[in-house]
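Each remark here refers to the structure printed beneath this line.
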Amino acid sequence: MNMQEVYEYLSTVLPEGHVKQDEMLKNHTHIKVGGKADVFVAPTNYDEIQEVIKYANKYNIPVTFLGNGSNVIIKDGGIRGITVSLIHITGVTVTGTTIVAQCGAAIIDVSRIALDHNLTGLEFACGIPGSVGGALYMNAGAYGGEISFVLTEAVVMTGDGELRTLTKEAFEFGYRKSVFANNHYIILEARFELEEGVYEEIKAKMDDLTFKRESKQPLEYPSCGSVFKRPPNNFAGKLIQESGLQGKRIGGVEVSLKHAGFMVNVDNGTAQDYIDLIHFVQKTVEEKFGVKLEREVRIIGEDKE
């Protein structure tokens with residue numbers, strides 16, 4: 001299928017300005033890397049997502065979904081087919097102690113909405129930069145909390161565009177993983193069950209976690225957060241630091257001097273710089289400590305020709 005035809009058709013389905021050709025994906029990731037998307041769309045509701053999926057299925061066009069790009073490296077060759085950004089699907093409703101949040105809502109914003117309603121349970125998420133969909137996809141967590149602790153169910157869309165409601169058990173949550181890495185479901189919304197709390201106590205906890213994050217993490221540079229999962233009975237940052245890798249740079253990307261578990265884009269780095277540095281760090285740590293670090297960050301897209 002000719003991508004010009006795809007662009008022209010989808011432009012009749014989505015609002016003006018929400019369909020683009022050859023969009024640079026570095027503009028849609030936190031680390032500011034990534035090549036072009038053949039066709040980039042940003043739906044505003046579930047019906048538009050369904051329309052994109054059905055059209056793509058009809059003509060066998062590959063589809064890639066993006067949240068807010070906080071935990072993904074898109075290769076320098078970009079993404080073929082249709083790239084769907086979910087950042088405009090952001091509704092949040094509160095009923096009693098239940099919050100229902102759509103996939104594109106920032107999990108930080110949801111934690112603040114919980115605070116505004118004196119609800120406790122999402123304080124840990126006050127510094128997680130991802131979207132609700134991304135948080136469920138990888139069972140995001142911090143400071144002893146995880147999304148799986150407060151999620152009760154979620155609405156998903158199948159690869160055929162069908163809506164389904166899944167209970168928490170169906171997610172098969174583990175450490176920084178869920179069933180979504182191995183199926184074609186698209187997370188549309190999540191239902192969180194929280195508890196009534198005291199505003200001042202919730203805010204104090206969030207302020208404390210925010211201070212810890214800002215004092216320990218290199219927020220002044222583009223990054224994708226923690227690059228590696230925590231190995232059993234150890235910490236990735238500690239192993240990287242003890243391997244003498246802080247400040248190690250490949251191209252424009254370096255292992256952060258502030259937090260060894262982060263890799264930061266300090267000088268117009270590329271996706272390949274990140275990938276090469278990740279492999280170098282994995283190789284060095286394994287040679288020194290016998291520990292193979294597992295990536296937390298996702299890598300998608302095509303290599304640059």
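One-based numbering along the chain as shown.
Positions of Cβ are set from backbone N, Cα and C atoms, glycine also.
Here is what Swiss-Prot records for this protein:
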type	residues	note
ACT_SITE	Arg176	active site
ACT_SITE	Ser226	active site, proton donor
ACT_SITE	Glu296	active site
DOMAIN	33-197	domain 'FAD-binding PCMH-type'
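Shown here: features listed in Swiss-Prot, placed on the structure.
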| residue | record | DSSP (3 states) |
| --- | --- | --- |
| Arg176 | active site | coil |
| Ser226 | active site, proton donor | strand |
| Glu296 | active site | coil |
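Arg176 (active site) has a Cβ environment of 20 other Cβ atoms inside 10 Å. In sequence order, Ala236, Gly237, Gly261, Phe262, Glu296, Val297 make up the list of same-chain residues 6 or more apart from Ser226 (active site, proton donor) whose Cβ falls under 8 Å from its Cβ.
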